[in-house]
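A short worksheet on the structure shown next.
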Amino acid sequence: MLPSQALLPAVVFALTALQALASDTFIAAVYEHAVILPDPTKEPVSPGNALALMNKNMDVLEGAIKEAAQQGAHIIVTPEDGIYGWQFTRESIYPYLEDIPDPVVNWIPCTDPSRFGPAPVQERLSCMARNYSIYVVANIGDKKPCDSSDPDCPRDGRYQYNTDVVFDTQGKLVARYHKYNLFRGETQFNYPKEPEAVTFDTPFGKFGIITCFDILFYEPAVVLVSKMQVDTVLFPTAWMNVLPFLTAVEFHSAWAMGMGVNLLSANTHNTSMAMTGNGLFTPEGPAAYHYDSATEEGRLLLAELSVHPRLSPTYPPAINWSLYATSIKEFSGENNTFSGAVRKDIFTFSELRHKDGNYTVCQGDLCCHLVYQMSNRSEDEVYVLGAFDGLHGSLIKYHWQICTLLKCPSTNLSTCGQPVETAQTKFEMFSLSGTFGTSYVFPEVLYSGVQLAPGEFEVLRDGCLKSKHGTSKPLITATLFGRFYEKDQPHPLRISM
């Protein structure tokens, strides 16, 4: 006898949970969404018009969620700003916000939608999770009233937060995270008073959640991994690609490798704003990724991941990121240096003048070492070894230490550091290392056409980034991207308006 419709979600959940408990792996999905944007306005639209726009985006997201569930996914992550878009003022975003309670209230919006006031977006997301028996991760806006007894209360009497929510297979709200590190231009939102380290347990591992710009900071990103010991980080993002080091798939893959966790990265898709690149990343490299700057279409990705990656026999060993470089007194070779800008950061560069060689470049406390051999050097292409040790950023400043083997856009050395997506030169081998003052270093290798190089490089325990068997495709950059969190400036005050 078939179960009744009312019991079906519970039956499916039980089967899914048993399957997950019996396995060392789970199936994860991320969806890169081409967001339907509202018309720009400084004035608030009606709540009905706001909900109509959000329902259009949720129609698309529901199609992706349904497809992921049909393919066996246990969890799906959707992007930051994926339900209402961006380019809001503080006032104009208000009709899109809902009151999102603390998950301790044990609430299933799908079955009790009015418990905390009008919540049509949470209700619909909850029902998607419940109807398709899949964990759903989404990004929406939270509003919280405040009054004059709170000295930080904004003038309009409310806090507004960029917020991630997670619903389990029953549709219950199990996690709520308020973004702590707001990117410039997010003046419609407030910082929470304290950074939140949000985790939740599932039958297929322990999860943490952060949003976009958060990934570059100690709190909450490193705290989740190092102190909370999560297995997987959920990452809704609206990432604007910035070559040569901060392209979405490039940096997110490197971060997962450097931190030793799974990272489920769901990006928005908007080519006019250079937003693309989603992926399912592991400590060993990308399980699946997608980068598409040519079309306007979204993309669903699925992959089977380890429930507890730290227990995997292939889990990378601990790395001393400065051991090899600090053991070298001096490399021979031509080390004439010059300055060049990567955006506003002034690097110290040295041109690789020959098809093979040994080079050293230093800046501040960082010395970068390179041994290389080009296999088919193109005469009209120039590569450099670069070093940067200093603060980056505007509103929020943070400290980088970067060693990079980098292709220049032209033979004019003044262009070195500017974005470039294509190359012709391959390398027979390269070995890159640096005297890093931090243990948080992220290894990146990017090929022509903004393609990753899974399985084609390794990081030795002494901190040396090496090609395995030569590069199979022309190289754009090989980089060791270090974050010296201890030198970061204090987090700025929350935005109060």
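Quick reminder: no glycine exception, Cβ is built from N, Cα and C everywhere.
Annotated features, as they stand in TrEMBL:
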SIGNAL    1-22  signal peptide
DOMAIN    31-307  domain 'CN hydrolase'
ACT_SITE  GLU80  active site, proton acceptor
ACT_SITE  LYS179  active site, proton donor
ACT_SITE  CYS212  active site, nucleophile
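A map of TrEMBL features onto the structure.
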residue	record	Cβ within 10 Å
GLU80	active site, proton acceptor	26
LYS179	active site, proton donor	26
CYS212	active site, nucleophile	25
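Each residue contributes its Cα atom, and for CYS212 (active site, nucleophile) and the residue listed as 'active site, proton donor' these two points are 9 Å apart. Here the CA atom of LYS179 (active site, proton donor) lies 10 Å from the CA atom of the residue listed as 'active site, proton acceptor'. For the domain 'CN hydrolase' (31-307), the model's average pLDDT works out to 97.
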